[in-house]
Amino acid sequence: MASCVSGCSSVMRFCQKLNRLKTLEDDVMATSLKRCLSTVDLALLGVGGMVGSGLYVLTGTVAKDTAGPAVVVSFIIAGVASLMAALCYAEFGARVPKTGSAYMFTYVSVGEIWAFLIGWNVILEYMIGGAAVARAWSGYLDSIFNHRIQNFTESHVMRWDVPFLTHYPDLLAASILLVASFFISFGVRVSSWLNHIFSAISMVVIAFILVFGFALADPVNWSAREGGFAPFGFSGIMAGTATCFYAFVGFDVIAASSEEASNPQKAIPAATAISLGLAATAYVLVSTVLTLMVPWHTLDPNSALSDAFFRRGYSWAGFIVAVGSICAMNTVLLSNLFSLPRIVYAMAEDGLFFSVFSRVNPVTKVPVIAILVFGSLMAFLALIFDLEALVQFLSIGTLLAYTFVAASIIVLRFQSDKSTGSSGGGGIKTDASSTPSLNQSGQQVDPSVAVNETQTFAQDSGEPKEYESFSDKLQLVERQKAVKERRAAGTLKACWEPYIGRILGDCEPGEVVAFSVLALMVSAVSLCAVLVFGNNQLNLPVWSFTLLLVIFSLVFLLSLALIWVHEQQPNHKTFQVPLVPFVPGFSILLNVFLMLKLSPLTWIRFAIWLAAGLLVYFGYGVWHSKEGLREKQGQEVAARYVVLPSGSLVETVQNVQPEGHTHNTHTPTLDNPPASR
């Protein structure tokens with residue numbers, strides 16, 4: 001029996017180790033990187049990450065095959081849906097101005113192993129995404145020269161026919177990745193200025209497309225004669241929305257750059273809103289121009305804009321569009337190469353990945369080793385692999401990261417305060433280590449609690465002064481009363497106490513919220529599974545399909561309601577997502593729905609990659625985690641209290657040292673202890 005209890009306790013300790021949270025330093029602005037990025041720099045990084053080849057290819061593909069001219073509505077809905085995820089990233093980026101994006105946000109609120117898996121998937125997402133963009137860049141440039149580069153490589157270098165590999169080594173794609181990695185290793189300012197140049201050219205080309213395109217617009221192309229505005233109906237609009245949603249993937253580069261922002265508390269939310277607004281405007285206006293210039297059913301999906309100008313008799317405009325497309329792809333490439341090494345750096349800095357990648361060059365203030373190594377790996381992928389089959393893999397990693405960040409916002413907002421950091425991000429563990437002291441009655445008092453009480457009194461009453469009127473004294477009493485009545489985060493709101501207080505009133509702060517978040521995730525997965533697979537794969541009868549939809553919808557809404565009736569953390573220093581938990585909750589629902597729409601082969605590859613990540617974590621990360629080392633250091637001091645016959649309390653503190661070393665003992669004596677001791 002004893003061995004069974006011991007085994008269970010060991011398992012519990014191991015599970016606690018896997019779910020430990022990251023402790024932030026007291027000064028969250030301290031960093032070994034260089035804080036030099038302004039709001040404009042961050043906004044252009046976000047625009048560069050979102051407005052890429054999708055603007056020149058995706059608009060035509062969705063318009064012709066999925067939504068028709070109603071692709072405009074699809075982009076608007078997709079932009080609003082992306083805004084929900086972007087707001088979650090903006091709040092975290094402002095409250096936790098550390099590099100790592102979704103990995104860091106999950107680490108400070110959910111747990112270590114979940115953070116590692118998110119970071120592991122984001123690494124693959126950026127690697128495949130960068131390699132795919134490089135291949136598209138190479139193919140687009142090759143098509144301008146009538147495929148002479150491909151023909152020369154196949155004739156004079158080599159050609160092969162191997163599954164999952166490209167037919168010839170794409171030397172041009174690999175070269176552009178290596179050159180870009182070389183430039184990015186010179187520092188964040190060089191990367192930012194390169195992005196500025198390419199973004200400026202891209203925006204000038206977009207402005208040209210809009211002005212010249214609206215001059216050539218013909219409203220007849222939206223008329224019933226050409227099939228109408230929404231030839232595929234509402235289902236086509238929603239199917240187009242699911243595809244257009246991926247056009248806005250890339251705003252997370254802003255959050256990933258928060259450790260290099262000059263003023264992240266203001267710059268991250270502002271840059272996120274500006275970049276998403278500019279990207280959505282560009283996609284909506286360009287798709288409007290495109291479908292008004294030529295009939296939607298005659299579009300060329302591979303080069304819709306160039307072909308549209310060519311068919312209207314302005315072939316020279318196609319070269320301008322080609323220049324804009326290449327510059328746009330360069331910005332996406334820089335965005336991937338900029339973000340990937342910083343995710344790796346954050347994981348290595350926490351001890352979860354190989355420590356060599358946490359080294360920062362003292363001159364350029366960037367993780368040069370991580371940039372060059374992963375830039376070379378990305379170039380290798382672009383060189384020999386056929387990435388068309390792996391492109392769908394990008395979606396699942398991104399959507400999973402969005403889901404965890406949205407859930408982390410809910411968890412963090414309703415967490416009880418652990419300590420108060422300098423950033424004002426209540427509920428996040430900060431390294432404010434302190435030693436218990438004794439008050440006048442002999443009881444132990446945590447200095448951090450005393451400091452918080454002192455700060456609250458100072459904020460409410462100011463410095464001691466002599467009150468001249470009764471109203472001054474009354475205002476002070478009211479303020480002190482409000483402070484005392486302020487409920488902790490995660491507890492039931494006072495207005496709901498008479499109705500559900502008997503059911504939920506006895507729960508610990510945050511306990512109901514944690515259970516509700518779990519129920520929210522399970523009900524979202526179940527509801528989306530019924531929607532996606534209910535009619536086709538499962539062949540459910542109408543009555544059971546409807547019943548399951550109603551049940552899971554009610555559970556989902558009830559979970560949101562249970563979270564909402566609890567107190568949130570009072571934090572007014574940084575940006576906050578509005579309407580929590582509803583905005584993150586519906587973001588989770590949308591992300592899960594899109595994940596379940598992916599092919600089974602994508603899920604199989606995802607499972608294999610996760611298994612490889614677990615091998616890395618359990619083989620290296622869990623043993624080198626800095627949070628684990630912090631816990632071990634906290635266990636190096638053992639305290640023992642002894643009550644002597646004289647009534648005095650003796651505290652014996654022994655430093656735990658390896659065998660063969662002497663033990664230093666410090667024995668302070670406290671006279672007249674309280675009876676409770």
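Backbone N, Cα and C atoms are what each Cβ position is placed from, and that goes for glycine too.
What TrEMBL records for 39-58 (among others) is transmembrane segment.
Away from its own ends, the transmembrane segment (70-90) comes close to residues 59, 62-63, 101-102, 105, 229-232, 236-238, 240-241, 243-245, 247-248, 251-252, 254-255, 268-269, 272-273, 276, 279-280, 283-284, 287-288, 291, 402, 405-406, 408-409, 575, 577-578, 583-584, 586-587, 590-591 of its chain (Cβ-Cβ under 8 Å, at least six residues beyond either end). Marked as transmembrane segment by TrEMBL: 70-90 (among others).
Sequence-remote contacts of a segment are chain residues at least 6 beyond its ends whose Cβ falls under 8 Å from one of its Cβ atoms, and for the transmembrane segment (102-123) they are 17-22, 24, 89, 92, 96, 252, 255, 340, 343-344, 346-347, 350, 352-353, 374, 396-397, 400-402, 404-405, 407-408, 411-412, 415, 428-429, 606, 609-610, 613-614, 616-617, 621-622, 625, 627. Sequence annotations record features per position, and here TrEMBL assigns transmembrane segment to 102-123 (among others).
Here TrEMBL flags 197-217 (among others) as transmembrane segment.
Beyond its flanks by at least six residues, the transmembrane segment (229-255) meets 42-43, 45-46, 48-50, 52, 54-55, 58, 61-62, 66-71, 73-75, 77-79, 81-82, 86, 89-90, 92-93, 101-102, 105, 222, 268, 271-272, 275-276, 279-280, 283, 296-297, 332, 335, 338-339, 394-395, 398, 401, 590, 594, 597 of its own chain at Cβ-Cβ distances under 8 Å. Here TrEMBL flags 229-255 (among others) as transmembrane segment.
Listed as Cβ neighbours of the transmembrane segment (267-294) (distance under 8 Å, sequence separation of 6 or more from its ends, same chain) are residues 37-40, 42-47, 49-51, 54-55, 59-60, 62-63, 68-69, 71-72, 75-76, 79, 82-83, 86-87, 89-91, 93-94, 97, 206, 209-210, 213-214, 216-219, 221-222, 244, 247-248, 251, 254-255, 258, 261, 304-305, 308-309, 311-312, 575. Residues or ranges marked as transmembrane segment in TrEMBL: 267-294 (among others).
The transmembrane segment feature in TrEMBL is assigned to 314-338 (among others). Distant neighbours of the transmembrane segment (314-338): 45, 47-49, 51-53, 55-56, 126, 129-130, 133-134, 136-137, 140-141, 144, 176-177, 180-181, 184, 191, 194-195, 198-199, 201-202, 204-206, 208-209, 212, 216, 250, 253, 256-257, 303, 305-307, 371, 375, 378; these residues of the same chain sit at least 6 beyond its ends, with a Cβ under 8 Å from one of its Cβ atoms.
Sequence-distant contacts of the transmembrane segment (366-385) (same chain, at least 6 residues past either end, Cβ-Cβ under 8 Å): 33-34, 123, 127-128, 130-132, 134-135, 138, 164-166, 169-171, 173-175, 177-178, 180-182, 184-185, 187-188, 336-337, 340-342, 344-345, 348, 356-360. Marked as transmembrane segment by TrEMBL: 366-385 (among others).
The annotation transmembrane segment is assigned in TrEMBL to 391-412 (among others). Only residues 6 or more beyond the boundaries of the transmembrane segment (391-412), in the same chain, are considered here, and those with a CB under 8 A from a CB of the stretch are 84-85, 88-89, 91-92, 95, 101-102, 105-106, 108-110, 114, 118, 121-122, 124-125, 128-129, 132, 246, 249, 252, 427-428, 513-514, 517, 520-521, 563, 569, 577, 580-581, 584-585, 587-588, 591-592, 594-595, 598-599, 602-603, 605-606.
Here TrEMBL flags 418-445 (among others) as region 'Disordered'.
Among the features that TrEMBL reports, compositional bias 'Polar residues' is placed at 431-445.
Per TrEMBL, transmembrane segment is recorded for 540-565 (among others).
Residues annotated as domain 'Cationic amino acid transporter C-terminal' in TrEMBL: 575-625. Mean pLDDT across the domain 'Cationic amino acid transporter C-terminal' (575-625) comes to 91 in this model.
Feature annotation from TrEMBL assigns transmembrane segment to 577-596 (among others).
If you look up TrEMBL, you'll see 602-623 (among others) marked as transmembrane segment. Long-range contacts of the transmembrane segment (602-623) within its own chain (CB-CB distance under 8 A, at least 6 residues past either end) are made by residues 17-18, 112-113, 116-117, 120-121, 124, 347, 351-354, 390, 392-393, 395-397.
Annotation comment: TrEMBL describes 656-677 (among others) as region 'Disordered'.
The transmembrane segment (540-565) shares more Cβ pairs under 8 Å with 577-596 than with any other stretch in the list 39-58, 197-217, 577-596.
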